[in-house]
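Reading through the structure tokens given below for one structure.
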Amino acid sequence: MDGSFVQHSVRVLQELNKQREKGQYCDATLDVGGLVFKAHWSVLACCSHFFQSLYGDGSGGSVVLPAGFAEIFGLLLDFFYTGHLALTSGNRDQVLLAARELRVPEAVELCQSFKPKISVGQAAGGQSGQGPPASQNVNSHVKEPAGLEEEEVSRTLGLVPRDQEPRGSHSPQRPKLHSLAQSESPSSLCGKLKQASKPCPPEDKKLEDCKVLPRPFEAEGAQLQGGSNEWEVVVQVEDDGDGDYMSEPEAVLTRRKSNVIRKPCAAEPALNAGSLAAEPAENRKGTAVPVECPTCHKKFLSKYYLKVHNRKHTGEKPFECPKCGKCYFRKENLLEHEARNCMNRSEQVFTCSVCQETFRRRMELRVHMVSHTGEMPYKCSSCSQQFMQKKDLQSHMIKLHGAPKPHACPTCAKCFLSRTELQLHEAFKHRGEKLFVCEECGHRASSRNGLQMHIKAKHRNERPHVCEFCSHAFTQKANLNMHLRTHTGEKPFQCHLCGKTFRTQASLDKHNRTHTGERPFSCEFCEQRFTEKGPLLRHVASRHQEGRPHFCQICGKTFKAVEQLRVHVRRHKGVRKFECTECGYKFTRQAHLRRHMEIHDRVENYNPRQRKLRNLIIEDEKMVVVALQPPAELEVGSAEVIVESLAQGGLASQLPGQRLCAEESFTGPGVLEPSLIITAAVPEDCDT
């Protein structure tokens, strides 16, 4: 053992425990029934599979645990840091329950091997004075395999976790059920369980006085429905994940837990044999048939958990707090929120220490304090910018100073600001999933924001944000702000390597590929790769596709790529934002304007000849959509009249139903004046 210190690991754990007791370097906050515990995420993740799955990457945060764990959670936390678990006959059941639901296998093993002072015979005799001991019913006839029946009943009663508990374990507070479950059929089993159960005390005794362990994460279906006097006992730990989500092997091997029906009474409820016998045979005997999410193909034990999971795809939060208006995916999350004294928090006020002014929110007080101090809490270390929130400072450091984004994709190494953006990127880019589906037309979007934009633009025709310079309308204000930069010349995104600035983050990302040499877009027909998607589409259209299949339905010009057609149609909409300062000639692309300016430099008094149909502007939005459709989809109507008339070269006499600008005239069939405007009426039954 040269060069090693045997007690090093013990000393490190002791120091961590001292830090926990002093609250030093603790990055985890655990709220258990109003009691707050500080701990280290690394220690929690090492000892509990629950915490490891909840925050697998070790990021900080706070977790709210069931109030029923308040009395014994301190014992488990001490066990995490010291390895010692203070068990007694009084707290053994609660510690075992918490250890199972938090998935602490070492604590579960200690609880199962714990020997209480009260014998099993005395405990069984105190609970019921009737019937023979459960161990005597070994030779009874069996209708199903004993091990499977034992697993179902024990798991439903909260005695065994999903992976079957060792048979030697028992609880001093409850009747022993293992051999009973092995030897009896479902109907006779329920009868003996009723005999072994503790009888109900008088009705004036409160339910809180009974030894009924609380179920912190009960499913919504476990609540009373329509005044019924029965409910389903669902014993299941449900974290922030997808409830009863099962992996592929587990979906095959796991059996459905028994649907034991319980009747409410003032004490420990007894099992109802009649209700159990009335169940369908497939629920009592058959194996569980997992239900699958049609969007992401995850599997669940029940339709309820699938219903809750689907809300993540739709964004629905049906459970709203009546006091503060906060919404949740699941009802149990709302109940936990209400249990944390929502009303008391909403009535809390924050007072300024300087002028004694009161505020309802802490953020409002922070904003107010800036008027006294003149300084915001978060300052940029590279420039003089200040921010009220940490996330704003983080975004500023990434956009302007080249700080790395915290969440990297393990497949392509692309980084994101939030974990949600990373998950959506992996689903869309690497698995080809578009998880958000429009209920009206079936359109699929890769993000919830994209789906909302689709609904507003296509089904609601909502474009409330209008540009004050060119009257172009947008569905979102962020898109308008991005568009305004084309008029103001603002370029807030700067490359931290060469200092070049850009209008959008996407443009900066494309530019960064010139430094890194990355070419993420590859051609499926050859080995050529590209830095952008547009050049890839043009390459495929020009090199690997024959003919020019895409043509404009207004002027008849043909194109190889549909992107080229879309750019061309903008000319018919009048979108020419690059204007020559010498002659006023306008272009759709800046490269065309630069090429035109070179002609002015070489030729004096250059006056470009107006090309036919160059400035034909269609005011009707539907006509632009018609222009992008293939000819087979067009119906006989004014749109075809326009195309035919343009081909013949005489517009005024052929379009009696159209409106021509009064100031325009034709000098000949080969030349068209610059500002001919057509407002077309598309038939209502045209599918646009």
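Our numbering is plain: 1 for the first residue shown, then up by one each step along the chain.
Using the three backbone atoms N, Cα and C, a Cβ is placed for every residue, glycine included.
The annotation Zn(2+) 1 binding site is assigned in Swiss-Prot to Cys293, Cys296, His309, His313. Under the three-state DSSP scheme, His313 (Zn(2+) 1 binding site) falls in the helix class.
Swiss-Prot lists Cys321, Cys324, His337, Cys342 with the feature Zn(2+) 2 binding site, giving similarity to another entry as the kind of evidence. In the three-state DSSP classification, Cys321 (Zn(2+) 2 binding site) falls within coil.
Annotation comment: Swiss-Prot describes Cys352, Cys355, His368, His372 as Zn(2+) 3 binding site. According to DSSP, His372 (Zn(2+) 3 binding site) sits within a helical segment.
Within its own chain, His396 (Zn(2+) 4 binding site) has Cys380, Gln385, Phe387 as residues 6 or more apart in sequence whose C-beta sits under 8 angstroms from its own. For Cys380, Cys383, His396, His401, the entry in Swiss-Prot reads Zn(2+) 4 binding site, with the evidence type similarity to another entry.
According to DSSP, Cys552 (Zn(2+) 5 binding site) sits in a coil region rather than a helix or strand. Positions annotated as Zn(2+) 5 binding site by Swiss-Prot, on the basis of similarity to another entry: Cys552, Cys555, His568, His596.
Its own atom aside, the Cβ of Cys583 (Zn(2+) 6 binding site) has 14 Cβ atoms within 10 angstroms in the protein chains shown. The Zn(2+) 6 binding site feature in Swiss-Prot is assigned to Cys580, Cys583, His596, His600; the stated evidence is similarity to another entry.
Annotated SUMO2 cross-link per Swiss-Prot: Lys143 (among others), in sequence order.
Among the features that Swiss-Prot reports, SUMO2 cross-link is placed at Lys263 (among others), with the record citing similarity to another entry.
Residues or ranges marked as domain 'BTB' by Swiss-Prot: 26-89. Confidence across the domain 'BTB' (26-89), taken as the mean pLDDT and rounded to a whole number, stands at 81.
Residues or ranges marked as phosphoserine by Swiss-Prot on the basis of similarity to another entry: Ser169 (among others).
Look at Swiss-Prot and you will find Ser171 (among others) tagged as phosphoserine, backed by similarity to another entry.
Residues annotated as phosphoserine in Swiss-Prot, with similarity to another entry given as evidence: Ser179 (among others).
The region 'Disordered' feature in Swiss-Prot is assigned to 159-205.
Annotated zinc finger per Swiss-Prot: 291-313 (among others), in sequence order.
The zinc finger feature in Swiss-Prot is assigned to 319-344 (among others); the stated evidence is similarity to another entry.
Summarising the annotation, Swiss-Prot assigns zinc finger to 350-372 (among others) and lists sequence analysis as the type of evidence.
Other than the site residues Cys380, Cys383, His396, His401, same-chain residues with C-beta atoms no more than 8 angstroms from the centre of those residues' C-beta atoms, the Zn(2+) 4 site, are Ser381, Ser382, Gln385, Leu393, Met397, Leu400. The residues near the Zn(2+) 6 site, meaning same-chain residues not in Cys580, Cys583, His596, His600 whose C-beta sits within 8 angstroms of the mean position of the site's C-beta atoms, are Thr581, Glu582, Tyr585, Leu593, Met597, Ile599, Tyr606, Pro608, in sequence order. DSSP assignment over the zinc finger (493-515) gives 11 helix, 4 strand, 8 coil.
Every protein chain shown contributes to the tally, and the Cβ of Cys296 (Zn(2+) 1 binding site) ends up with 15 other Cβ atoms within 10 Å. Straight-line distance linking the Cα atoms of His600 (Zn(2+) 6 binding site) and Cys321 (Zn(2+) 2 binding site), rounded to a whole number, equals 68 Å. Taking a C-beta cut-off of under 8 Å and a sequence gap of six or more, His401 (Zn(2+) 4 binding site) has these contacts in its own chain: Cys380, Ser382, Cys383, His496.
Remark: secondary structure over the zinc finger (378-401) totals 12 helix, 4 strand, 8 coil, with classes taken from DSSP. Cys296 (Zn(2+) 1 binding site) sits 29 Å from His337 (Zn(2+) 2 binding site), taking the CA atoms of both as reference points.
Least crowded of the binding-site residues (His309, His313), judged by neighbouring Cβ atoms within 10 Å of its own Cβ: His313.
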